[in-house]
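Handing you a structure now.
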Amino acid sequence: NGAICIQPCSPSFHGETSFVCEDRKWQMLSDACANLDVQSLFQVRMLLGGAGGGKPGHGKPADGAKHFGAGNQSCQADFSCIIPDILSSPAIPGNIADIVKLLKNISMLLSENVTRGKMQSYSRIANHILNSSIISNWAFVKDRNAGAILLDSVNLFAGKLLLKNGSESIQEPFIATKGYSIHRNTSGKSFDFSMEFNSTGNITGHVVIPEEELLRLPRASKAISVAFPTLGAILETSQLDPAFVNGMVLSVLLPEELQSILLTFEKLNKLEQLGAQCVGWHSAEERWDPRACRVRAHNVTAVVCVCAHRRRTYTSFSILMAPAAPRSSLLDYITRVGLGLSIFSLVLCLVIEAVVWHHVTKTEITYMRHFCLVNIAASLLVADVLFILAAIVHNTALNYQLCVAATFFLHFFYLALFFWMFTLGLLILYGLLFIFFKITRSVFLAAAFSIGYGCPLVISILTVAITEPKNGYLRSGACWLNWYETKALLALVVPALSIIVMNLIVVLVVVVKTGRSSLGDGCKSQDLSSMIRVSKNVALLTPLLGLTWGFGLATIIDSRSLAFHVVFALLNAFQGFFILLFGTLLDRK
């Protein structure tokens, strides 16, 4: 495509025929790269005064300069020489990252006297990586702050736009810029945007500068607004709820004297059950901040926001939507008290097991039963502690990697809890159905560890490996598995509910077998009583665990129901107490 790939000269380089620019120490390759380094391309073309087009020939360094021509001034005037190469390059993750860096460099180094031509070229470059058809590629961009860098760069560059005849309007499909001259006698100014969001239709946004705000202006000035219909999907949310951007992102660049603006956002998703929150992008902390705005009006199709304009902090705004989960101090109280009691109960359970271990593990069946119970208690204890640590990591806004690690181990130990319950169920089937087949303790331990910890480890690793590269592992604003975008939470829910169903089937088998008189003829009465005790554990704990996660699913399906949230919090927080009660305290032996 006439692209030129360049890299610093290196003795170890073995590639296509090249010539060396002795004065600049560059190797210039005539064959186009699959992954075009657009930033380097821009730099070399500006350096050599490029006007683009065609392949360079092989020869002396001077030939390269001749090929590019003498259009250096026109290229610096509007960047037109780099547009064809950038638009012809595929918007793959590596190119997206390069173009973001390029736009940042242009906004920092070449933003003086931004003419209409400059802004048009800049918008065309940005539009290339904001196209709705390639938004999913942003998930693979290594720099997680690339979206925020792009937003800041565009705002910085657009803020220097020169207004010809008092107004300017530059529109691309996925980025639009409008500007007006304003002064204290202006009777209110508004910006109206109607832009393509995807192949199905457009989305609108509206910015109003109130007349009383304009009275604050000491002199004539300008107001610039930039609309991004697709950028919201790129900027990561960091709210406590699983919130997502549900409208276009509107940047408003005003004089410092103006402090309040009105914005109207059309909703992308117009479902009635979605709550609305007006937010401003905190440029320093790179997150959506609800303190910047408040909701003035809200209906099924649109939200009107009143936002505080702070030139150094808040210049970009949007709306976040999330299923309206109930806010209740009762839920917080249940969680705190329940977790405290659960952790205390599990520690007590493990202490009791340690004290009486030699007295209650005299047969193989009882040893295996108590071994499973100890691992169930230990798994839930670690999970409860990790739950608290995950909350601390989130609330103190520590780094992303810590949150991923906390979620991974939380997922692993919750799964381990259920797989050890499953091992307990298999132990019952072994005791009842394989009466004359005895396994050694070492074989049991190997099988139990493989099921109890091996299966959870495989599932946890696969979940993070599949969803994390797409930024779909974590739930928005919490150290927990994602549900709304990638359904990563199913990697816990499906194994857990499957094990619950299988263990309930085991309980039914126990009821049927113990009802037959022939059962006692085939096994010792001591083993039979041990199997019945194990069955009681499973029969009591399995429905409780099933109810717990059943109500967990109910909170997702009907997130507004306070009753579902309260029951789920009660059952979930008190699981440790239930294990102590039904696994240890109610065992007469």
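Glycine is no exception: its Cβ is also placed from the backbone N, Cα and C atoms.
For 183-327, the entry in TrEMBL reads domain 'GAIN-B'. The annotation domain 'G-protein coupled receptors family 2 profile 2' is assigned in TrEMBL to 331-587. The transmembrane segment feature in TrEMBL is assigned to 337-360, 372-392, 412-436, 443-467, 487-512, 538-557, 563-586.
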Summarise the model's confidence over the domain 'GAIN-B' (183-327) as a mean pLDDT value.
80
How many helix, strand and coil residues does the domain 'GAIN-B' (183-327) contain under DSSP?
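Counting residues per DSSP class in the domain 'GAIN-B' (183-327), I get 10 helix, 77 strand, 58 coil.
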Can the transmembrane segment (563-586) be said to touch the transmembrane segment (412-436) if we require at least 3 CB pairs below 8 Å and skip pairs under 6 apart in sequence?
no
